[in-house]
Amino acid sequence: MTPLKFSFLPLHPLQTLSVLCLCLCQSQSQCQRQCLFFFFPFLRQHFYFLSIIVEYSEQGRGLLAMEEERAQTNGLADHEDQQPVYRGLKVMPFIIGNETFEKLGTIGTLSNLTVYLTEVFNMKNVSAATLINVFNGTSNMAPLVGAYLSDTYFGRFKTLGFASVSSLLGLISITLTATFSALHPPQCSAQSTACVGPTSGQLAFLFVGLGLLVIGAGGIRPCNFAFGADQFDPSTESGQRGVDSFFNWYYFTLTFALMVSATLIVYVQSNVSWSIGFAIPTGLMLLSCVLLFLGSGLYVKVRPDGSPLTSLAQVLVAAVRKRQLTVPDQSTVSLFNHVSKKSTNSKLPYTDQFRFLDKSAVLMPVDRINIDGSASNSWRLCSVQQVEEMKCVLRVIPIWASAIIYHLANAQNHTYGIFQALQLDRRLSRSTDFKIPAASYTVFTSLSLTLWVPVYDRILVPGLRRVTGKEGGITVLQRIGVGLVLSFLSMIVAGLVEERRRSDALTKPSLGVASKGGAISSMSGFWLVPQLAIGGLSEAFILIGLVEFYYKQFPENMRSIAGAFSSTANALSSYLSGFLVSTVHHITLRSSSGDWLPEDLNKGKLDYFYYLIAALGALNFGYFLVCASWYRYKGDSSGGIVELALEEAGGGPEKQSV
């Protein structure tokens, strides 16, 4: 008898696969086989899915125990005597499958949540927008906690497993609110003068589901990319190519999930049934969990080695303790310069920025050194390497802060942009009655990003490379700067479109009344495409640029933190967006000119609000220029503007502006 069989099945587009899943035995003497069948299409040629068929017997449990023991000795990357077994592409079906269905599950639920809150939970537009902003902010802040727990205590696989189950429970909770009438308020018609809002119990159940999704996001977002990269040997050329391939697949699945969620799933939710529309992504999330755990015995699982945040804290504490000292003039030779042999970080040269932190590396008579050359008390004496790693993080923060204002524009397109669509002509054409769901218009953001990236990479970059001599055509900071400009331009376009929409709604025959009241403008919903497309172009520049920037500028052992760091700007932007929406609404409500953000957009001045966001974006771009001119690239000890420099042949750096 063969208890465990593996077979690789080649797939073609739209071919349906069946995955046989087996649950654990109930006892050691008797096993019960519980099988679940999942059918799903895969949309990529030359991609292989690992089908596992497990035949259990009384000896099956012993076999799995042996497999688990083997995985612990061969698969753990930090084992002192055993080299990890990198299976690379062989485990990618599990990881990419988990990524795809996890994104389809969560994005499929959240992409239409704004409409769900206003039409099913009968929330006011301002209340729904504020709740969405707070939820997005908390979801993007949670990865900081998840990254710390993963690096310090649990490791990436356990964190991913726990977070995936939490997300599944959250999606089940939200699906239940749509399925059972007792968990949401009664439907409100357009003719109703007053709608019944949700009860405290209904809100509590909804908040439990959203809270579980926050916990899931906190564990999945900082670990999923790093866990996939762990499966490739970084010391080999094939391993490095595998990481690049995984990076491409990662963003392909993200774009694929966004487009499917914004079209098919949103259509089912808006036109068929909310309960079915939420049940579909919930089932996909269940499949995501199954795929993750099926490959458990094959993964390289990097065990936690302590949080790198501890090293940063030691630098701060030691510098404060030695604040009365004077940093020696010959810092490069006078400071404590020990580098641990176990360190995975590249050695950094000394830089003269943030010289106060250099005091933590000043060697005093009371400081003791271990036999291996390390400091006996790292809270009193730190190495130059630790200090420079801290400086790397501090230098990134001003650039990171500029992304906070950038995300404001994106937040409006996913909240008030949807409210605009609800009061526009959403028919596919004048001759058909088919209406595009309001939340589906956001797909044009993903489309413009998807179409622009290959054009930029294959056409513009080679041309720019010949002009600038840089491998990427332009620097990462220049790329981010272009994204910032496009961001506030998208808000100017949004303001102009809203001004025209409101004018048509008030002066031309309407197409009826929206579900929450207010005339529907005869203006086509496709007029939203320019602002959404420009927003997608800005994402193609700034978001991909920021990912590359954080990945290269953070110390190597902080790349999980770098992933979480990226999402915190989005988090603070969501909180700021919620604050701006609430503040503008309450201030203008009492003004003589009237409320800018009423329930009926025809009675408001949403275009003024868009122009306000655009003005903040323009000021933010000026702030970014100052920070970019000051920034010093990681690993460079010169005093010039490294990131914005063009290397001359045989010469030094030539300073350039953004």
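Just so it is clear, glycine is given a Cβ too, placed from its N, Cα and C backbone atoms.
Sequence annotations record features per position, and here TrEMBL assigns signal peptide to 1-31. If you look up TrEMBL, you'll see 126-149, 161-183, 203-227, 248-268, 274-294, 436-456, 476-497, 533-551, 608-631 marked as transmembrane segment.
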Long-range Cβ neighbours of the transmembrane segment (274-294) (under 8 Å; 6 or more residues past either end): 19, 21, 36, 38, 40, 52, 93-95, 97-102, 104-109, 112, 116, 120, 160-161, 164-165, 167-168, 171-172, 174-175, 178-179, 261, 265-266, 268
Surrounding residues of the transmembrane segment (161-183) on its own chain - C-beta under 8 Å, 6+ positions past either end: 98, 102, 105-106, 109, 116, 120, 146, 154, 202, 205-206, 208-220, 223, 274-275, 277-279, 281-282, 285-286, 288-289, 292-293
Proximity verdict for the transmembrane segment (436-456) and the transmembrane segment (533-551), three or more C-beta pairs under 8 Å: yes
Result, the transmembrane segment (203-227) in contact with the transmembrane segment (476-497) (3+ CB pairs under 8 Å): no
Chain residues in Cβ proximity to the transmembrane segment (126-149) (below 8 Å; excluding those fewer than six residues from its ends, i.e. six or more beyond): 113-114, 117-118, 159, 163, 210, 213-215, 217-223, 307, 309, 411, 414-416, 419, 560-561, 563-565, 567-575, 577-578, 581-582, 585, 597
Tertiary contacts of the transmembrane segment (248-268), as residues 6+ beyond its ends and Cβ separation under 8 Å: 43, 92, 96, 99-100, 103-104, 107-108, 111-112, 224-225, 228, 276-277, 280-281, 437, 439-440, 442-443, 446-447, 449-450, 544
Contact set, same chain, for the transmembrane segment (203-227): CB under 8 Å, 6 or more residues outside the stretch: 95, 98-99, 102, 106, 109-110, 121, 135, 138-140, 142-147, 149-150, 156-157, 159-160, 162-164, 166-174, 176-177, 183, 247, 250, 299, 559-561, 563-564, 567
